[in-house]
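Asks: Before we start, here is the structure in question, set down as C-alpha cells.
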C-alpha cells in the first residue's frame, strides 16, 4: 500500500525496454544537454557521467529502503532501476545551474544530498499524498530546477557575475546541442511513459509528449527571431523549447489532455524559454544574485509549474465516463471512491508548494 504506482513492479518483458530508453535519456540526453558551454563542454560531460554513476547506486539504496525492503532485503528489478534513473535526471537538472562553479567532489556531495531529498519528496507526493505524476513534472523537473537554483543562490560570489566567458557559446556547443536534442526527441516520449501502467492501454503519455514537443519547437521558431536580432534559429533554442515542451507534459501526459490540448500546452511551454532568457534571467542574476548557468529555471522550473497547474485542471475535470476503465489506472483513489475528482485535484495542487518548499530548504542546506 505504501508503494507508489510509479514504482510498482512490472513484468520484466515490459519494463526492460522502458529502462533502456530512460537510461539512454538520462546518460546521453541530459549528459549532452548540459554540455553547451564552450569552455566547460568536455568537462561537463565527464561530470554528468560521474553524477549518473554515483546517483544510480545511492538512489537504489534510498528508494530500496522506502519501497522495496522486505524481510531485511532490498528487492531490485528493471522498474526500480527506472526509479533510480528518474532520480538521476533530477540531479542532472540541478547540476545545470552550477556547471563551471563547483568541482567534482562538491558535485558528489550535491548528488548525495540531492538524491536523499528527491526520494523524500517523491515518497511524500506519490505515497502519502497519492498524486499522479508519471513523467516527473514535479518530482523531476520542478524539484531538480529549484533545488539547483537555491544551491546556486547560496554559493553566490560577486566576482563570478563578471565572468561572461561562462556563457560562451560557439560551434562546439551547437554540436552538443544537436546531438542532445536528437536524443531528446527520440527517447523523451519513452521517458515520460516509462512509469505509466500499461495493461495494453493506449500510450497516451507518448502521444501527448510528441504533440507537445512539436508545438514547443514551433513556438520557439516563431518567437526567437522576434526577441533576438539574429534571424537564424539556433539549435540551442530548439533544444530549450523541446525540453520545456516535454516538462509541461510530465503530469498531464497520461491524462485526457487530447491532442489539441497537448499542442496548446506545448506551444505555451515553448514560449517560456525565449521569454525567460530575454527578461527573467537578467533579473535572477542582478536582483536575486542567482547565476543559472544552463537556464534550468526557464527550461525546467517554469514549464514544470505550468505542467502541474495543467495536471490539476485535468484532474478536476476527470470523470468515469470520459476515462472509462482507464480511470483506475490514472486516478486509482478516485476510481475506488476514496476521493472525489475535486479532492484529487486539490492534492495535485498542494503537491506544488510541497515540492518547492522541500527543494528550497534542501537547496539551502546543500549550499
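Glycine too: its Cβ is placed from the backbone N, Cα and C atoms.
Marked as domain 'Ammonium transporter AmtB-like' by TrEMBL: 26-366. The annotation transmembrane segment is assigned in TrEMBL to 22-38, 45-70, 82-100, 107-126, 138-155, 175-197, 209-228, 263-281.
I would like each feature placed in context: is it buried or exposed, what are its neighbours, and how far apart are things?
Replies: Mean predicted confidence for the domain 'Ammonium transporter AmtB-like' (26-366): the pLDDT average there is 83.
Residues 6-7, 15, 18-19, 22-23, 25-26, 30-31, 33-34, 37, 39-40, 44, 47-48, 51-52, 55-56, 59-60, 63, 67, 107, 110-111, 114-115, 118-119, 122, 136, 139-141, 143-145, 147-149, 151-152, 155, 166, 191, 194-195, 291-297, 300 of the same chain sit 6 or more residues outside the transmembrane segment (82-100) yet have a Cβ under 8 Å from a Cβ within it.
When Cβ-Cβ distances below 8 Å are used as the criterion, the transmembrane segment (138-155) is approached by residues 86, 89-98, 101-102, 110, 114, 117-118, 121-122, 125-126, 131, 247, 250-251, 284, 288-293, 296-297, 299-301, 303-305, 307-308, 351-352, 355-356, 358-360, 362-364, 366-367 of the same chain, each at least six residues removed from its ends.
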Asks: Of the stretches 107-126, 175-197, 209-228, which racks up the most C-beta pairs under 8 Å with the transmembrane segment (263-281)?
Replies: 209-228
